[in-house]
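A.B. asks: Let me begin by handing over the structure; questions about it come next.
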Amino acid sequence: MANQKKKEMVHNFQQKFTDKMKSLGLHFKNIDLYQQAFSHSSFINDFNMNRLEHNERLEFLGDAVLELTVSRYLFDRHPHLPEGNLTKMRATIVCEPSLVIFANKIKLNELILLGKGEEKTGGRTRPSLISDAFEAFVGALYLDQGLDSVWTFAEKVIFPYVEDDELVGVVDFKTQFQEYVHSQNKGDVTYQLIKEEGPAHHRLFTSEVILENKAVAEGKGKTKKESEQKAAEQAYKLMKNKKSL
């Protein structure tokens, strides 16, 4: 009975996975490798499989491959940023909250093989489980198809959303805007808090970003830091839209 259930789950996974790869425009050779990438330890335990057949080793590899891929992207995209800033930006992209966003864009959690108990307790929507599966998939893709395929995947699933509104708080817009200013030799950037309002337990802060003694944009947030990020985001987007600052 258990073996039949396992066969059904694996067959269902293979069909869904094949369809998913087609939709992403990606090729694969070793489907067993990807099955391992999506096998949570609870699935392995339920069917008394070898404990090394779960996805944790591939997750370990995928984390390193993601760091390399994102490092190259940031290195090429931000030629004026020093190492410290690049490291900070990479850390905010290759982290659980952002990986969950990327995974959810393509509904990767639908592929995860879970044990009965883990499924019942909501494991399929658990952020840590989703981000782990995302990293494991990248590790499997690297082993099966190489770094070029990982880059192709990242171009479709990661890079387009790095500066998306949904990732505000993940992307450091203050750093992005500072880089633009540096590349244009436009002088120093400063931030000024111009308003605080609301009760103590629900404050709203408004900050403006100042470039060459001129306020160029403002933003609001629940903290001073968030309001500065919002102001920098507005200034950065004005720059991207080629409007004068």
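Including glycine, each Cβ sits where the backbone N, Cα and C put it.
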A.B. asks: Among GLU59, GLU67, GLU197, GLU208, which residue does Swiss-Prot name as a further Mg(2+) binder in the site formed by ASP132, GLU135?
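C.D. replies: For Mg(2+), Swiss-Prot names ASP132, GLU135; of GLU59, GLU67, GLU197, GLU208, the listed one is GLU59.
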A.B. asks: Within 10 Å of each Cβ, count the other Cβ atoms and name the one among the binding-site residues GLU59, GLU135 with the highest count.
C.D. replies: GLU135
A.B. asks: Hey, for the Mg(2+) site built from GLU59, ASP132, GLU135, who else sits with CB inside 8 A of the CB center?
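C.D. replies: Counting only non-site residues, the set is ASN55, GLU56, LEU58, PHE60, GLY62, ASP63, SER131, ALA133, PHE134, ALA136, GLY139.
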A.B. asks: With every protein chain in view, what's the tally of Cβ atoms within 10 Å of the Cβ of ASP63 (active site), excluding that atom itself?
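C.D. replies: Around the Cβ of ASP63 (active site), 19 other Cβ atoms lie within 10 Å.
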A.B. asks: Please report the distance from the Cα of ASP63 (active site) to the Cα of GLU135 (Mg(2+) binding site), rounded to the nearest angstrom.
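C.D. replies: That separation, Cα to Cα, works out to 5 Å.
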